[in-house]
Amino acid sequence: MVAIIPHASFTTIKLTQKTEGSQMPTEEICKINMRTRKFDVGGNSRDFECFYSNFVQTVILLGTFFYCVERLQPWSIVTADISYKQIFVNVFVVCLIMVGLIFTKYWQHGYKSLPKFDTIYSLYLPFMVSLLFDTSSTVINTILILSVLNSYRWRTQLVVIILQLCLIFFNFEAGDRLKNIISIVINSLLSLILKYIGQLKSLDNIDSNLFSILLTNILYVSEAGTVHFRILKGIILALTTIISINYVLKKVMHFKPFMLSISFAIGLPLFANTFIHLEDGENPLLWLVKYILESTIRQKILFAWSSILILSIPSILIEKDSLSLNTSRKLWHFIIFLLIIPSFQMDSNFVKIALSGTIPVFLSIEYIRFQNLPPLGSAIELQLRRFADDRDHSGPLIISYLYLLFGISTPLLMNNSPMGLIGLGIGDSLASIIGKRYGRIRWKGTQKTLEGTLAFIVTSFIVCLVLLRFDKAAIFNHLTTLQLLTLCTLSGVLEGNSVLNDNILIPAFMMICEKLITL
């Protein structure tokens with residue numbers, strides 16, 4: 001693994017004065033200072049703070065990586081699909097390529113061309129998640145990581161694609177090369193589309209590449225084995241298809257929004273019915289109704305969900321003006337936790353199927369809002385803007401609620417793990433509320449507080465202990481109390497020092513740590 005830690009300082013007196021006089025949050029100041037050249041011997045505390053927060057993150061990430069290497073013994077163990085030796089040699093080569101390309105850009109354009117420190121997560125998260133949960137796709141996912149160095153300059157894109165093709169040639173047999181070349185094409189297109197839609201504001205370069213790799217795996221790389229994954233893959237493929245068709249209808253045939261709404265309403269269920277492949281070939285909607293009716297537990301879960309949402313949504317909307325933005329947003333975290341945890345213990349497969357259907361539904365809601373499709377587009381825009389944060393306001397997309405849904409769903413769908421729910425529903429929520437209200441000691445280099453981090457660790461650990469004690473589904477029976485405490489502590493400290501979106505970082509890292517501990 002390679003940690004990218006740029007030197008922290010300033011370039012000119014003018015830049016330093018401008019930075020110190022601004023009202024930018026500390027993490028934004030760090031991003032500017034870390035791209036400059038000269039070290040501030042005069043004692044600019046923010047420069048040291050940036051280095052400190054990046055150092056803490058690097059220690060945690062490298063520590064978990066080398067622990068993984070030590071446990072897997074890559075030079076001796078061979079899986080049924082691919083050798084761990086090949087996987088780690090490949091990631092080492094990718095790291096060297098990334099360092100080489102970054103150094104070349106620095107040589108040509110100076111410190112301003114260096115990527116953000118958070119670029120390290122574009123390497124760490126896809127590699128570790130793929131290695132621990134889908135080993136057979138680790139090599140291709142590691143190759144796809146190189147796309148994070150792509151830019152709008154065609155020369156850079158061409159160099160990255162050529163390097164990816166070379167890696168495919170050396171890592172795969174002739175029969176597998178075409179499939180993996182198609183993976184590169186799909187990932188590159190998805191990344192460019194996300195960057196274009198998000199304008200590198202709602203979704204920055206790191207977000208776009210992480211989500212493009214995730215979508216590439218869902219749509220193409222990973223095999224759709226379980227029912228919930230087949231449902232997720234089918235609906236997202238249907239959503240992608242109808243959005244593409246609507247784009248052509250709007251740009252080429254100049255369809256009005258009302259006609260696009262009709263096209264979307266008709267096309268999405270038709271394509272979903274086509275792309276969802278169940279084992280018995282049954283109609284997906286009829287299968288779902290039958291699946292729910294054949295179990296009283298599922299009917300009770302569905303009734304409980306409906307009742308809680310009917311009561312909570314109007315209440316939060318009514319009380320929104322009397323609550324702070326942060327508190328009103330975190331209430332949704334608590335509600336989702338209460339909705340899913342008890343239900344998951346009663347019927348985990350039903351919950352995973354429900355989440356697999358909910359993700360495309362929320363993506364559809366954002367598409368309707370983004371395109372302002374009648375009759376719901378304006379109403380959705382009005383309500384979602386009430387809970388939008390600064391990042392949502394900075395770009396065309398309202399992405400925070402989608403981040404939350406992806407964060408809680410991914411560990412459950414991939415590993416039957418409630419870590420995303422615990423980390424976001426309880427730990428992150430209380431860390432934010434307590435940190436903003438009572439926090440006094442700030443982590444160096446961020447706006448987050450030590451008090452908030454302690455709240456994250458303590459509350460997450462307590463919830464884990466409660467689930468360990470009363471968990472009928474045996475979710476945590478494979479973990480000891482000390483292991484749970486270690487997991488919560490590492491996650492809390494990393495969250496406190498990182499400026500990457502919590503809804504991405506916390507669930508993924510906690511899921512990785514949970515798996516590492518049990519290797």
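Glycine too: its Cβ is placed from the backbone N, Cα and C atoms.
Residues or ranges marked as topological domain 'Cytoplasmic' in Swiss-Prot: 1-47 (among others).
Summarising the annotation, Swiss-Prot assigns topological domain 'Lumenal' to 69-88 (among others) and lists sequence analysis as the type of evidence.
Residues annotated as transmembrane segment in Swiss-Prot, with sequence analysis given as evidence: 89-109 (among others).
The feature topological domain 'Cytoplasmic' is assigned by Swiss-Prot to 110-118 (among others). Restricting the average to the topological domain 'Cytoplasmic' (110-118) gives a pLDDT of 81.
Residues or ranges marked as transmembrane segment in Swiss-Prot: 119-139 (among others).
Summarising the annotation, Swiss-Prot assigns topological domain 'Lumenal' to 140-151 (among others) and lists sequence analysis as the type of evidence.
Look at Swiss-Prot and you will find 152-172 (among others) tagged as transmembrane segment, backed by sequence analysis.
Taken from Swiss-Prot, the feature topological domain 'Cytoplasmic' applies to 173-181 (among others), supported by sequence analysis.
Marked as transmembrane segment by Swiss-Prot on the basis of sequence analysis: 182-203 (among others). Residues 140, 143-144, 147, 150, 157, 161, 164-165, 168, 209, 211-213, 215-216, 219-221, 370, 391-392, 394-399 of the same chain lie 6 or more positions beyond the ends of the transmembrane segment (182-203) yet place their CB under 8 Å from a CB of it.
With DSSP states grouped into helix (H, G, I), strand (E, B) and coil, the topological domain 'Lumenal' (204-223) comes out at 17 helix, 0 strand, 3 coil. Positions annotated as topological domain 'Lumenal' by Swiss-Prot: 204-223 (among others).
Residues or ranges marked as transmembrane segment in Swiss-Prot (evidence: sequence analysis): 224-244 (among others). Cβ atoms under 8 Å from those of the transmembrane segment (224-244) belong to residues 215, 218, 263-264, 267-272, 274-278, 284, 349, 352-353, 355-357, 359-360, 363-364, 367, 413 of the same chain, restricted to positions at least 6 beyond its ends.
The topological domain 'Cytoplasmic' annotation in Swiss-Prot covers 245-253 (among others) and is backed by sequence analysis. Long-range contacts of the topological domain 'Cytoplasmic' (245-253) within the same chain, counting only residues at least 6 positions beyond its ends with a Cβ under 8 Å from a Cβ of the stretch, are 259-260, 263-264, 267, 371.
What Swiss-Prot records for 254-274 (among others) is transmembrane segment, and it gives sequence analysis as the kind of evidence.
The topological domain 'Lumenal' annotation in Swiss-Prot covers 275-294 (among others) and is backed by sequence analysis. With helix defined as DSSP H, G or I and strand as E or B, the topological domain 'Lumenal' (275-294) counts 11 helix, 0 strand, 9 coil.
The transmembrane segment annotation in Swiss-Prot covers 295-315 (among others), and the record cites sequence analysis as its basis. Residues 335, 338-339, 343, 346-347, 350-351 of the same chain lie 6+ residues outside the transmembrane segment (295-315) yet bring a C-beta within less than 8 angstroms of a C-beta in it.
Among the features that Swiss-Prot reports, topological domain 'Cytoplasmic' is placed at 316-326 (among others). Long-range contacts of the topological domain 'Cytoplasmic' (316-326) within its own chain (CB-CB distance under 8 A, at least 6 residues past either end) are made by residues 332, 383, 386-387, 389, 432-433, 436.
Remote same-chain residues near the topological domain 'Lumenal' (140-151) are listed as 87, 90-91, 94, 97-98, 101-102, 115, 119, 122-123, 126-127, 130, 157, 160, 163-164, 167-168, 171, 180, 183-184, 187-188, 191-192, 205-206, 209, 212-213, 216-217, 221 (criterion: CB distance under 8 Å, separation of at least six residues from the stretch ends). Break the topological domain 'Cytoplasmic' (439-449) down by DSSP state and the numbers are 0 helix, 2 strand, 9 coil. Outside the topological domain 'Cytoplasmic' (494-519), and at least 6 residues removed from its termini, the chain residues within Cβ reach (under 8 Å) are 27, 30, 53-54, 56-57, 60-61, 64, 67-68, 71-72, 118, 121, 125, 128-129, 132-133, 206-207, 210, 400, 403-404, 406-408, 410-411, 414-415, 417, 419-420, 422-424, 427-428, 431, 443, 445-446, 448-450, 452-453, 456, 478-479, 483, 486-487.
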